[in-house]
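First comes the structure, then the notes that go with it.
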Amino acid sequence: MKGFGSLLLRDLARFTPGTRGGGTLLPLLFFLAVAMLYPFAIGPNPVLLAQTGGGVIWVAALLAAILPLDRLLAPDVEQGFFDQWALRGIAEEMVVAVRLLAHWLSFGPFLMLAAVPASALVGIDAQTLRLVEIGLLAGTPGLAAIGIIIASVTVGLRGSAALSGLLVIPFAVPLLIFGAGALSTGGSGGLALTGAISLLLVAIAPFAGGAAIRAAREG
Amino acid sequence: MEACRLTATQLACRRGERLLFAGLSLDLEGGQALQIAGPNGMGKSSLIRILAGLMRPLDGHVERTGGTGLLDEKPVLDEHQPLGRALDFWSRLDGQCAALERLGLDDLLDVPVRYLSTGQRKRAAMARLIGQQAPIWLLDEPLNGLDREAVAMAEGLVADHLKAGGLALIASHQPFDLPGLATLSLAQFTP
């Protein structure tokens, strides 16, 4: 596992919100902004808000996860980092796995924190908030993995930001159905399925990402 | 330095619909250097990437014994980081510190990479290359953007690398002053 520590430190310095390396708070602010705007759009109906608020938090989380995609892998490919790593015998799969971990750490836990004020804004109760938090814990690794896969597939394309956003949405539908669906059924089955889908995506992502980056290098 | 050898047999390269070169063979051992000469667009950079194993040739094959260092137009240093920290990332991976005084970089360590001039970036990239301690050097236009003093320094670095038992392949359209440097013109392999 040559370079695991150095790579992870570099990635964390670049992606963690508020760090000097250019990690940005924008996805978080975007997430909170959606939660804030929602009651204005729906109107002050507490029953309606409580019923739909959890789902809105999920949609906001999904959209917030799309924002950093274009700076996830493309800059390192363009600037030749992947070439230099390849020459040093560091596999693309390892780099992508480390990047997946850093990407999740840079938005997953922060979204879960931000879900607390967001739950107050959309007016959901503590019980629903608990389901949302567990769901986000189970679902955000999957969202991160989808993001990494899409970012690696669109690596060589110009103007890939909008395209990757569009591509993420269909892949995220299963996570959304089971994760947000658990809110209405209240059962743990949906959450377990969300976790299972997440694990599968996390397992695939490094290999899919590594292959995509090698293919882009040939072009 | 570990023993090294770079052998290429009957290489051919195509970019898009255009065949850039075909039937190119070369064989370099430790202590030898070869300049690939030719005007822009002949496929010098493609050849370097094929030799580095980063691109598949249309035909032929490449054998490399020993670690390979690549210097091309990209400095491969984090733009927003100060130069010292950006180089530290590579020295942690390679377990070696670069020779900063010799390259005239010791005053620039606090300067973010994005503020460096073309020549300074090139010198920083050389520091990264030296720190890698790879016996095979693949240099793509190593003199671009360097002033006369830095050109002499770069030539000295390559000479020392050869003396230490390494080999170097230099793709450049500019003359490179190095004793015993063989030249291969890419033009003779274009169809």
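Heads up, residue numbers simply count up from 1 along the chain you see.
Cβ atoms here come from the backbone N, Cα and C positions, even for glycine.
Annotations in TrEMBL come from automatic prediction, not curation.
The transmembrane segment feature in TrEMBL is assigned to A:21-42 (among others). Outside the transmembrane segment (A:21-42) by six or more residues, the chain places 13-15, 48-49, 52-53, 56-57, 59-61, 63-65, 67-68, 71, 106-107, 110-111, 114, 117-118, 121-123 with a CB less than 8 A from a CB of the stretch.
TrEMBL lists A:48-69 (among others) with the feature transmembrane segment.
Below 8 angstroms of C-beta separation, residues 8, 11-12, 14-17, 23, 27-28, 31-32, 35-36, 38-39, 49, 52-54, 56-57, 60-61, 64-65, 68, 72, 128-129, 132-133, 136-137, 140-141, 144-145, 147-148, 202, 205-206, 209 of the same chain, each at least six residues beyond the ends of the transmembrane segment (A:100-122), sit close to that stretch. Under the heading transmembrane segment, TrEMBL lists A:100-122 (among others).
Remote same-chain partners of the transmembrane segment (A:134-155), defined as residues 6 or more beyond its termini with a Cβ less than 8 Å from a stretch Cβ, comprise 58, 61-62, 65-66, 68-70, 72-74, 77, 96, 99-100, 103-104, 107-108, 111-112, 115, 163-164, 167-168, 171-172, 175-176, 179-180, 182-183, 190-192, 194-195, 197-199, 201-202, 204-205, 208-210, 212-213, 216. Annotated transmembrane segment per TrEMBL: A:134-155 (among others), in sequence order.
The transmembrane segment annotation in TrEMBL covers A:162-183 (among others).
Among the features that TrEMBL reports, transmembrane segment is placed at A:189-213 (among others).
Sequence-distant contacts of the transmembrane segment (A:189-213) (same chain, six or more residues past either end, CB-CB distance under 8 Å): 73, 77, 82, 91-97, 99-100, 131, 134-135, 138-142, 144-146, 148-149, 151-153, 155, 174-175, 178-179, 181-182. Under 8 Å from some Cβ of the transmembrane segment (A:48-69) lie the Cβ atoms of residues 15, 24, 26-28, 30-31, 34-35, 38-39, 42, 103, 106-107, 111, 115, 118-119, 122-125, 128-129, 131-132, 135-136, 139-140, 143-144, 147, 150-151, 161, 164-165, 168-169, 172, 175-176, 179-180, 183, all in the same chain and six or more residues away from its ends.
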